[in-house]
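**Q** So that we are looking at the same thing, I have put the structure below in structure tokens.
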């Protein structure tokens with residue numbers, strides 16, 4: 001199997017144990033077969049994809065192509081076993097540690113893992129803006145979800161990611177507006193007989209790999225069943241404008257701790273207050289607005305002590 005000892009390097013025991021348990025469930029002699037593979041000394045070495053390294057003069061578009069090529073070389077994970085556990089509520093520094101582990105183990109990944117890896121591999125591209133884009137689609141009575149890492153360089157939009165479908169992952173940064181990029185994904189879904197139902201857009205991710213801030217995954221939630229085509233386009237451009245304004249002010253996503261203190265000290269402040277307009281709790285209604293869930297906010301004190 002392609003996940004066995006890439007390049008002869010050992011994989012951490014918890015990851016292997018998860019894989020063997022899965023093999024044992026779906027194959028009659030899975031455990032014995034797994035042990036034979038682990039003990040074999042004559043297995044051919046599978047090449048490990050090399051993490052891209054760039055010269056200072058390498059243009060950003062070429063760097064993005066190299067990052068996408070690396071993500072593609074890891075291959076899509078078709079096994080049904082999640083090799084890496086990703087909690088969206090983790091601080092950015094914890095997710096970057098996980099991304100570093102992905103590069104060491106070089107196991108196949110899925111779309112969310114590709115987004116985390118894309119953030120990790122583009123952290124040194126400070127002129128590049130990165131933000132998550134999530135899709136919810138409908139096909140044959142079922143709903144499907146997918147996520148990519150949106151990028152903006154020089155006013156042009158693109159995306160990094162991985163998918164079973166070639167047209168639902170990498171997009172070169174050539175789209176003049178965010179709406180053009182999203183409409184291109186929508187057309188790609190249509191060619192796969194999927195109907196796009198909902199788009200969730202996050203804010204720009206910090207370039208500081210040691211940041212304890214959380215990634216803002218869904219600042220704007222756009223429900224296509226509740227929006228006309230023109231309203232959908234306007235909401236996409238409004239989100240793009242919000243990101244530009246936030247970057248122009250030199251402010252990143254607010255600290256979770258600060259958010260919590262603001263909520264406690266100002267219970268009377270309304271949602272329309274200009275001071276709260278761009279906060280994480282005041283996401284764009286854009287067809288659907290979800291109330292803030294106090295239980296969803298993790299307690300970072302323990303993590304900070306551990307760091």
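Cβ atoms are placed via backbone N, Cα and C, with glycine included.
The active site annotation in TrEMBL covers 111, 146, 163. The compositional bias 'Basic and acidic residues' annotation in TrEMBL covers 279-293. Per TrEMBL, the feature region 'Disordered' maps to 241-307.
Show me how these features fit into the structure around them.
**A** Long-range C-beta contacts of residue 111 (active site), restricted to its own chain and to partners at least six residues apart, with a cutoff below 8 Å, comprise 146, 147, 148, 161, 162, 163.
A sphere of 10 angstroms centred on the C-beta of residue 163 (active site) encloses 18 other C-beta atoms.
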